[in-house]
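Colleague: So TrEMBL lists these for the protein:
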BINDING   A:Asp80, A:Asp82, A:Asp84  Mg(2+) binding site
BINDING   A:Cys81, A:Cys97, A:Cys104  Zn(2+) binding site
DOMAIN    A:33-105  domain 'Phosphoribosyl-AMP cyclohydrolase'
There are 2 protein chains.
Amino acid sequence: MSLDPAIAARLKRNEAGLFSAVAQERSTGDVLMVAWMDDEALARTLETRKGTYFSRSRQQYWVKGETSGHTQYVHEVRLDCDGDSVLLIVDQEGAACHTGTHTCFDTDVLLAKP
Amino acid sequence: MSLDPAIAARLKRNEAGLFSAVAQERSTGDVLMVAWMDDEALARTLETRKGTYFSRSRQQYWVKGETSGHTQYVHEVRLDCDGDSVLLIVDQEGAACHTGTHTCFDTDVLLAKP
């Protein structure tokens, strides 16, 4: 799958060819997770509407929920002003975090509400 | 300012010593921006409750709103499950984006609602 060249031209990738992707739940507004994409992962996400990322540790693509069943249906994708981050508005099936929590930010609070 | 060693031990930084930071508006749930932090930027954010980041292009710290007046008061900070991203829940004064839009994701829609 190849990415629309007009979109590819607006992306700013890091040295590894990657940019960050934030998944936000449509119904709750919760920020579910932050992961990485390259052009191919973004192209696949846009084409299939399934959240698809690139794993830095495994150096391979992964479709969210492919093994867990916790898929992400992608409603919207937005690129930020400097082209190095995308925001995905998704419907999340089940837990977004591999630890079983709703979001990846549920467990470790560094600073609490005052 | 130095970061609590118990927090520092849980962080996973990239080759440049950085991790991503997502700022989300408390009142609306809007994802405002994605930027970068190192340990020092996080320590300053936790201590001052002012969103403080590290600029990769300028290689220096910046306090959000320091020049624009569009400050971020930080209510909560959460670390994600793999320790390489923080979520800041903030009150945003004025526009979060340097282009003048409310968020950095307002302008460039790559995939629209079906």
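Every residue, even glycine, has its Cβ placed from backbone N, Cα and C.
Nobody curates TrEMBL annotations by hand; they come from automatic prediction.
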Colleague: When you measure from the Cβ of A:Asp82 (Mg(2+) binding site), how many other Cβ atoms are you left with inside 10 Å?
Modeller: 17
Colleague: Between A:Asp82 (Mg(2+) binding site) and A:Cys97 (Zn(2+) binding site), what is the CA-CA distance rounded to a whole number of Å?
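Modeller: So the alpha carbons of A:Asp82 (Mg(2+) binding site) and A:Cys97 (Zn(2+) binding site) sit roughly 28 Å from each other.
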Colleague: Near A:Cys97 (Zn(2+) binding site), how many other Cβ atoms are within 10 Å of its Cβ?
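Modeller: Around the Cβ of A:Cys97 (Zn(2+) binding site), 20 other Cβ atoms lie within 10 Å.
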Colleague: Could you give the number of helix, strand and coil residues in the domain 'Phosphoribosyl-AMP cyclohydrolase' (A:33-105) as assigned by DSSP?
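Modeller: The domain 'Phosphoribosyl-AMP cyclohydrolase' (A:33-105) comes out at 10 helix, 30 strand, 33 coil.
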Colleague: Counting all other Cβ atoms within 10 Å across every protein chain shown, which of the binding-site residues A:Asp80, A:Asp84 scores highest?
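Modeller: Of the binding-site residues A:Asp80, A:Asp84, the highest Cβ count within 10 Å belongs to A:Asp80.
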Colleague: Going along the chain, which residues six or more apart from A:Cys81 (Zn(2+) binding site) have their CB under 8 A from its CB?
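Modeller: A:Cys81 (Zn(2+) binding site) has no long-range Cβ partners.
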Colleague: Using Cβ-Cβ distances, find the residues under 8 Å from A:Cys104 (Zn(2+) binding site) that belong to the same chain and are at least 6 apart in sequence, listing them in sequence order.
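Modeller: In sequence order, the residues whose Cβ lies under 8 Å from that of A:Cys104 (Zn(2+) binding site) (at least 6 apart) are A:Leu32, A:Met33, A:Val34, A:Ala96, A:Cys97.
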Colleague: Given the model, what does the mean pLDDT over the domain 'Phosphoribosyl-AMP cyclohydrolase' (A:33-105) come out as?
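Modeller: Across the residues of the domain 'Phosphoribosyl-AMP cyclohydrolase' (A:33-105) the model's pLDDT averages 97 on the 0 to 100 scale.
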